[in-house]
Amino acid sequence: MNQSAFAFVDGVLHAEGVSAVSLAEQFGTPLFVYSRAALTQAYEAYANACAGRRAFVHVAVKANSNLAVLNVFARLGAGFDIVSSGELARVLAAGGKAENVVFSGVGKHAEEMREALAAGVKCFNVESIPELDRLNAVAASIGKKAPVSLRVNPDVDPKTHPYISTGLKANKFGVAFSEARATYRTAAAMPNLEVVGIDCHIGSQITEISPYLDAVDKLLELVEQIEADGTAIHHIDVGGGLGITYDSETPPDIGEFVKTLLDHIEARGHGFRNVFFEPGRSVTGNAGVLLTRVEFLKPGEEKNFAIVDAAMNDLARPAMYQAFHAIEPAVKREVAAQVYDVVGPVCESGDWLGRDRQLAIEAGDLLVIRSAGAYGFVMSSNYNTRPRAAEVMVDGGSAHVVRAREKVRDLFSGESVLPG
Ligand SMILES: *Cc1c(COP(=O)(O)O)cnc(C)c1O
């Protein structure tokens, strides 16, 4: 990840060439700030490792679906992994191509399938027999054949947080490994489906390569069985999930990760197949930060609180997964450090952003919450009728608003009171 994209210059945090202080003054807080250079660098780590090989990158839209972010990737030639027709609409509005889109997700609506088929997406990652039936019927109704792969649950332990591990037997995702071969036979027999590949996604924030190698081995075993049954598999989609450094995690280097997987697939005699990657967090996570201002310092008997203007509605990950985000003053200053819980104004005890953090701060100070580029703004809500934060993208020495801060009146513009 681009360490220089969010670095201190003379004690002041900068996003590329722009100081956090001027960003906060110009656009207000809480404020999501993305770095074009950091997005580019992370994407290119994948793309460069795939170059010259039969390997393709589909950026997972759900990690950060801002149009400007998607547009940065689209300009670099990225494909996209979507989980709704809303995300398809965003990809197309951002300049992405439907033919480079794979459609994942466990509960696709018929209308979403129709839109994606009409647009011409590359592949539907299907997760159950009822979903195959629905897709086959939708495709028949518009006289098309839908390209499909099955998301197989390889039942490997990705060694990550239970809420973000998806490839175990107890998860709602994917077709069970033991039923996959039979499900492929079912799919191959449906007249309006065309089996094109196989897919898995074993979890998120995975910091080791070995679970991927285990998953690939299981997929390849299946591929040989499916092909023995007479159905060709053109691509293997290994999913997303590579972790990033939030705190002290040491995920593998992206290029090394890609190369290890591709080499492994080649060594197993499957190098002629296309390989898809679906990274989300690892291309956007450390390319964004959340700026927030300290409203009050509230000393307590057991704990000191730093009450800030960002909250769980802006960044849900701490409340949702007890996730750690590094928090620092955006301007280094000479005051005594104390240990604080950094909390927001929302009326929930779960509204915290960081616990037991040593911070040298005063009321009014600007803080930076790091690693907020993935599953940050996209998971934000209007809880407590809080307008969602603005999003800004820095590109060298300039900052562009890529989503305006919401206004309170927008939040209830679709509501009405009873007549009379
Ligand atoms: C969420 C998701 C991804 C991206 O996961 P990251 O952990 O952000 O890399 C990729 N593929 C599918 C199917 C997903 O659901």
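Glycine residues also receive a Cβ, built from the backbone N, Cα and C atoms like all the rest.
Binding of pyridoxal 5'-phosphate is attributed by TrEMBL to Gly241, Glu278, Pro279, Gly280, Arg281, and the same site annotation extends, among Tyr184, Tyr340, Tyr375, to Tyr375. Checking the binding-site residues Gly241, Pro279, Tyr321 for a CB within less than 6 Å of any atom of ligand 1 leaves Gly241, Pro279, listed in sequence order. Within 10 Å of the Cβ of Lys62 (N6-(pyridoxal phosphate)lysine) there are 19 other Cβ atoms, across all protein chains. Here Gly241 (pyridoxal 5'-phosphate binding site) is compared against the recorded positions Lys62, Arg317, Tyr321, Cys347, Glu348, and the shortest C-alpha distance is to Lys62. Look at the Cβ of each of the binding-site residues Arg281, Arg317 and count the other Cβ atoms within 10 Å; the largest number goes with Arg281.
The Cβ neighbour count for Cys347 (active site, proton donor), using a 10 Å radius over every protein chain in view, is 9. For the binding-site residues Glu278, Glu348, the ranking by surrounding Cβ atoms (within 10 Å, all protein chains) places Glu278 first. In this structure, the CA atom of Lys62 (N6-(pyridoxal phosphate)lysine) is 27 Å away from the CA atom of Cys347 (active site, proton donor).
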